[in-house]
Amino acid sequence: MNTAAPAQGGGAAPVIHAAPPRPSYIPPFGLRTVIGCLGMLLAVHVAGFNEHVTEIGLSDIRGAMHIGHDEGTWVIAIYEAFNIAAMAFTPWFYMTFSIYRFSIFMTAAMALLSIPAPFMPDVTSLCILRAFQGLTAGCLPPVLMTVMLKYLPPEIRVFGIGGYAMSATFGPNLGLPLEAFWFERMGWHWLYWEIIPTAVLAIAMMAYGLPKDPMHFERFEKFNWLGLLVGLPAICSLVIVLYQGDRLDWFRSSVITDLTFWGGAAFIVFVINEAFHPSPYFRIQYWRSRNIQAALLSLVGILAICAIMGDIPATYLSAVRGYRPIQTAPVSLVVALPQLIMLPLIAAFCNSRKVDCRFVLAGGMLCLAASAWLGTWLTVDWVRDNFYPLQILQVFGQPMTVIPTLMLATLAMGPADGPFISGMVNMLKGLANAVAYALFAALTRRREQYHSTMLLDHHGTHGLALQGMGNPITQQLSVTSPDSAHVARNSLQVFHTYVHEQALVLALNDIYYVLIWVCLGYACMNLVLPRRVYPPRAPSANTPAR
């Protein structure tokens, strides 16, 4: 706005001052702002569904597109690599192009890229397309955190944190039921296309509700080229190592060795560059804060724990009971649907200044530890209903851990720190899924091999003692065929199936025991390391100006 100075006499002409640069506009809170924030939340859930539905339905996609098992793992690894890498650099770009334009463009690009996905002629072209789609999907979660913290008034900002927490609790648990619905009811093509209708709705809501901030192309004068050129391949390399490491037997593979060495070296250069660059993507100096240390370490651990606890029932029911996703879906729905009630309740509870969120976090970790303790009773006789008590404890534990952790990470920072902490939090949030995938695959394989060896060794050691008890497997199969050799082969196959099932169950029991101690360790750490934070409040009208 141009400003005219008052005249200094009868004939003096007014002095016209240059217009200042337009600031980022924060609209008054109302229905329009709520619609814009909900549209941003929906866009992030669309990105999450695009990730989890295709990952869970990979076996169905591979069968329909004639893709082998090993090639299919690269489709997931490349998508996750670019998805996580994009989160680190997103804040700089949405501050440059504005939240309004950046969010709508990335949501539209993600939806449009899903249209040709079922028609890709080979694995290479599908991987390239999924890389771009992962890049667009990874740009949305950091924007959601900024939108919730920037446009919501201080009195309800904790509820915005609860809304962001939905992407870590509600969305991942809804992936399995959605995969079952779209594949069984609509066909495998809709495992890619299911995001299109909701993406259109999210774009319409964001276009109506988000403020149209100006673009700041002058920021390119200090663009961090070295950070982007070094950081993007570094993060992608390390994520691929986590997703492909166990399958390729870790450092016995030259691919994993090279990616780890060069990716690690590039990441060190990236961290050093971020520490000294005048326009970093995130500030390494934040790690000096005890709250940031505790919050970010807890965030990675909590999300990895929740992901592993979700993988165990699905793995058991699929491998031992032969369940299809549509039969396993109720186990995930038990956790997902109550989050629509629990997240606002926990946010309202933590929004009281009388409540110390550190104790809420510790209570949530105890709920997760209790769930893992119940899981140690897992046997080959369990069915779907046996997992419901474990899942009910997670209904309470997941929001009680995620919301306080995000409060510790964000409420101790100033408004200007939002974009820098947003990229760091979201990159680590995505990295937690990769860590969970690698840990679950490595622990399951190694413990299953150990228990399988012990069971077979025990059978061989006591073979003579067991001969007097007869062979119940052979006795039951002998009535199915007069050919004794055929019965013997089938008997041996059934025996090895039993050994495999028992070894897998014992391996999953071991993982539950590990999770118990990890949960207890995080509960103790968060009672000691971070300092207390208070929910924000609007400044009082009687507060004197400084």
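Quick reminder: no glycine exception, Cβ is built from N, Cα and C everywhere.
Just so you know, TrEMBL annotations are computer predictions that nobody has curated.
What TrEMBL records for 74-95, 102-119, 131-151, 158-178, 190-211, 223-243, 255-273, 294-317, 329-347, 359-380, 426-444, 511-529 is transmembrane segment.
In summary, the transmembrane segment (190-211) does not lie against the transmembrane segment (426-444): fewer than three C-beta pairs, each 6 or more positions apart in sequence, are under 8 Å. Count of Cβ pairs under 8 Å against the transmembrane segment (359-380): among 158-178, 223-243, 255-273, 294-317, 329-347, the largest is for 294-317.
Taking every listed stretch (74-95, 131-151, 158-178, 255-273, 426-444) in turn, the largest tally of C-beta pairs under 8 A with the transmembrane segment (294-317) is reached by 426-444. Listed by sequence, the residues of this chain that lie at least six past the ends of the transmembrane segment (223-243) yet keep a Cβ under 8 A from its Cβ atoms are 73, 76-78, 80-82, 84-85, 88-89, 92, 256, 259-260, 262-264, 266-267, 269-270, 273-274, 277, 279-281, 427, 431, 434-435, 437-438. With respect to Cβ pairs under 8 Å, the transmembrane segment (158-178) is most closely packed against 131-151, considering the stretches 74-95, 131-151, 255-273, 426-444. Taking Cβ pairs closer than 8 Å, the transmembrane segment (74-95) reaches residues 51, 54-55, 58, 67, 102-103, 123, 126-127, 130-139, 141-143, 146, 216, 219, 224, 227-228, 231-232, 235-237, 239-240, 243-244, 279, 281-282, 419-420, 422-424, 426-427, 429-431, 433-434 in its own chain, all 6 or more past its ends. Counting same-chain residues at least six beyond the ends of the transmembrane segment (131-151), those with a Cβ under 8 angstroms from any Cβ of the stretch are 26-27, 29, 33, 36-37, 40-41, 43-44, 47, 50-51, 78-87, 90-91, 93-94, 99, 102-103, 106-107, 109-110, 113-114, 117, 157, 160-161, 163-164, 167, 210-211, 410, 415, 418-419, 422-423, 425-426, 429-430.
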